[in-house]
Amino acid sequence: IFKTLNSWFWWENIWMPINCTWDNFVDRDGLVFPKAHELYATIPYAFVLLIIRFFMERYVAIPLAKALGIKNVRRVKPQPNPVLESYFRECSKHPSQSEIQGLAKKCNCTVHLVEKWFRRRRNLEIPTVLRKFQEAFWRFSFYLTTSIVGFLFLYDKPWFYDIWQTWVGYPFQSVLPSQYWYYMAEISFYWSLLFTLGIDNKRKADFMAHVVHHFAAIGLMSGSWCANYVRVGTLVMFVHDTADFWLEAAKMFNYAHWEKTCNVLFIIFSIVFFITRIILFPFWILRSTLYQPTYYSTTPVIAYFLFNGQLLILQGLHLYWGYLIVKILRKFISAQ
C-alpha cells in the first residue's frame, strides 16, 4: 500500500509539465536539480538550529537583556503535591471555592495553603519577561541574518529585478548552492519552531494562525523545492523575512520598556509589512505565480494549483495580521 501511495504521490503529472519525467532531472552537464530526498536533511538541521538557539539565548540574549535593564525574576515553586499537581494538569488551573475546600480536605491542609499552591503553580506557567526577550532575540537574529544573506544571494540575479526571469527555462533550471542553503535554513527554522511550540511563549491572539503559518510555510517551501519553483521561492522567503526582524526588535525594546524606541520600530515594521506583504506579495509574486506560468506551459500541472493554493493561504494570513496591525496602530494614534 505504501509503495502504491508513494508512486501516486510522485506521479510526474503532479509535479512537472507535460512530457517531462523524473529522468529529465538527473544532474548532467553541470546542471544540478533539486531532489526531494534532500529535504530529509532539514530535520537534523533543525536540531542544529536549536543548539545554536540555546547558546544564543543563554550567552548573548541574557547579557543583552541585563544591559537593557531586564531583570530575571525568580518565581517561588510550590511544594510538591501529587494530588494538587494531578488536579492542576487534568481538571482545572482555576478551581472553584468548593473544589479548593474539597482538595484541602483530601490533602489534609488549609484552604489558604491550597489557594497559595495554585497561585504559585499558575505563575510558573507564565513566561518571564526575560524568557520572552530571549525568544524575540532568537527570531530577530535569524530573520535579520536571512534578510541580509538573502539579499546577497539575490541582488545579482536577473529574476530579482525582472520576475519574468523566474520562469525562463522552467523546469530545467539549475539550483545554485546559495539557493540550496537558503531553502535548507528556512525550512529547518520552521521545523525548529514547531518542535518548540510546547515550550515557547504562546500568543493567545493568533496562536493558531502561527501554527497554520508554520505548517503552510514548510509545505510551501518543500513543494516548491520538489517542483523546482526555486527562483520564485527564494523571492517569497526574502519578502517575508524583511519585515519580521523589525517586529522582533520592537518586541525586545518593549520588554525593556524603551517605549519610544519600540514605537519607532513598530511603525517601521508596519510600513515594511504593508509594502512587502500587502502590496509586493500579491501584486508582484502572487500575480507572477498565477499568471506567468501559462506562457511556458499550456497545461498547468497539479503542483501549480497546490503551490498557488498555499500562497493564497499565506495571503489570507497576511490580511488577518494586517487587520491586527491596523488595530494596534489605531490605539497607538488615539493615545497620542
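Any Cβ shown, glycine's included, is placed from N, Cα and C.
Any TrEMBL annotation is an automated prediction that lacks curation.
Note that the coordinates shown come from a computational prediction; the quantities given were computed from them, not determined experimentally.
The transmembrane segment feature in TrEMBL is assigned to 39-56, 136-155, 180-199, 262-285, 305-326. Look at TrEMBL and you will find 84-122 tagged as domain 'Homeobox'. Here TrEMBL flags 86-123 as DNA-binding region. Annotated domain 'TLC' per TrEMBL: 131-334, in sequence order.
With DSSP states grouped into helix (H, G, I), strand (E, B) and coil, the DNA-binding region (86-123) comes out at 29 helix, 0 strand, 9 coil.
Each of 39-56, 136-155, 262-285, 305-326 was scored by its Cβ pairs under 8 Å to the transmembrane segment (180-199), and the highest score goes to 39-56. A Cβ distance under 8 Å defines the sequence-distant neighbours of the transmembrane segment (262-285), meaning residues of its chain 6+ beyond its ends; these are 163, 232, 235-236, 239-240, 242-243, 246-247, 249-251, 253-254, 311, 314-315, 318-319, 321-322, 325, 328-329, 332.
If you look at the transmembrane segment (39-56), the same-chain residues 6 or more away from its ends with a CB under 8 A from one of its CBs are 137-138, 141-142, 184-185, 187-189, 191-192, 195-196, 222, 225-226.
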